[in-house]
Ligand code: ADP
Ligand code: MN
């Protein structure tokens, strides 16, 4: 499938609050890549089994989601924005970015979002335990996975710069 892609597909994953959507939007503005916010897609196209009140999240129907995404992702040029990455087929993806945030900063961001305490605690713990990073490293080749700090606006700027350079190199090689 990668033979057919004129542009690469990138996943931005990481614990909620680490800055995935902010980075994805800025990259989409700066490039010809398209931001695919999985949370939004799941909601808009009803690719779920229902809403989980306790965790305030949709219970994603992964089969439906993959069917929906396949045609779109095949074209290439997607920036997939979702907290986990291991449900996406390896051959779809050219780069996996895992955003990381200091846990006290993350706590403040999630409080700012008015998450209930148990949800702040669970996400904070997941960040400390580097759950998203471990998942990414297990599901994808180590050369494809990049861990990026996302503590400050200057981290955000250097992350954008780094991805833009990676994208230029990818285009030269494909
Ligand atoms: P996610 O999509 O991973 O849940 P968001 O992009 O919605 O995260 O960001 C969560 C909050 O953190 C937002 O208020 C955003 O402005 C802030 N934020 C994100 N990345 C950074 C960063 N690198 N430095 C400072 N604040 C950030
Ligand atoms: Mn988001």
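Backbone N, Cα and C define each Cβ position, glycine as well.
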Per TrEMBL, the range holding region 'LID', considering 101-111, 112-122, 123-133 | 112-122
13-36, 37-60 - the one TrEMBL records as region 'NMPbind' = 37-60
Around the recorded ATP site, report the further residues of that chain (criterion: Cβ within 8 Å of the mean position of the Cβ atoms of 17, 19, 20, 21, 22, 113; site residues excluded), sequence-ordered.
-> 16, 18, 23, 109
Maximum Cα-Cα separation (Å), residues 17, 19, 20, 21, 22, 113 listed as binding ATP | 15
Where ligand 2 binds, which of the binding-site residues 17, 19, 20, 21, 22, 113 are close by, with Cβ under 6 Å?
-> 20, 21
Overall pLDDT for the region 'LID' (112-122), taken as the rounded mean = 97
Run through the Cβ atoms and count how many others sit within 10 Å of the one on residue 113 (ATP binding site).
-> 11
